[in-house]
Amino acid sequence: MGGLLCKNANIANENIEVALIKAVRLKGARHKQKIKHINTLLLKFPKMIEQIEQLKVYFDEADKSKTGSISPEEFLSCCDDIIRVKLSKDTKGKLFEMSDFDDNKSIDFQEFVVVCALVYLLEENNKGSTLQAFADIYDLVIDAFLYFDKNNSGYLDKEEVMEGFSEGATPSAKVNKGLVGFSARRFEELDWDKNGQVSFREFLFALEKWLGLEPELEEGNEDGNPEGPGGAEKTPARKRPEDDSDYFAVTSPQKN
């Protein structure tokens, strides 16, 4: 398996989505899966928040224009000078596009975390990348994804997600309307493009929301109104899971 996917390799001619699936599977096969219940994942949230937020240093350094987002050109420069990866320019560009969820030709911090994960996967065995310092957190995200990916297809479907959230519940609890509805809503959050299946990048993007790592909205607007257009109230700053204790409250169904 030596130089899987890349070592100064150009994988532009290979379907990158397929390459990512292969990388996730290989990563999962290389270490013992630690997440065997949804509550195990929830207990990892504080550590995940702390480590992911450390990537902000790289994001701020890459954001040369100080706009709160990174352009394609800034990302290419970041790959060369900051995170130091050896993927081809074409591959870097495609990973950028895949991580630009709102198609605005730039990536915010939440999207930056995703693109770094994709780079980490495709830069297998490249010890020169600064992303190796984040191997533990990205491997944990991979572990979480594989926990839900029961059929090892590289994608999550609704049935797998609902099964993952009800793991360990009694038969009657699994059909409880509260748990069923909760699990269905979590799948809707995961399925960004609404095609009925969830890729690894979609999973990480939604997971950041669950962690409370969505980008904070800038205070004020271009008109100088601190309350937004029409004097509307500002959107509250992002919250962490501990600030909303009911968010995952139904993931531990009680026996009837």
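Glycine is no exception: its Cβ is also placed from the backbone N, Cα and C atoms.
Per TrEMBL, compositional bias 'Acidic residues' is recorded for 216-225.
Look at TrEMBL and you will find 50-85 (among others) tagged as domain 'EF-hand'. Within the same chain, residues 92-93, 96, 104-109, 112-113, 115-116, 119, 123, 126, 128-131, 134, 136-137, 208, 211, 213, 215, 218 sit at least 6 positions outside the domain 'EF-hand' (50-85) and bring their C-beta atoms closer than 8 Å to a C-beta of that stretch.
If you look up TrEMBL, you'll see 87-122 (among others) marked as domain 'EF-hand'. Per-residue pLDDT, averaged across the domain 'EF-hand' (87-122), gives 95.
Marked as domain 'EF-hand' by TrEMBL: 136-171 (among others).
If you look up TrEMBL, you'll see 187-213 (among others) marked as domain 'EF-hand'. Sequence-distant contacts of the domain 'EF-hand' (187-213), counting only residues of its own chain at least 6 positions beyond either end whose CB sits under 8 Å from a CB of the stretch, comprise 17, 20-21, 24, 45, 48-49, 52-53, 98-99, 101, 109-111, 113-114, 117-118, 121, 141-142, 144-145, 148, 154-158, 161-162, 238-241, 243, 247-248.
Annotated region 'Disordered' per TrEMBL: 216-256, in sequence order.
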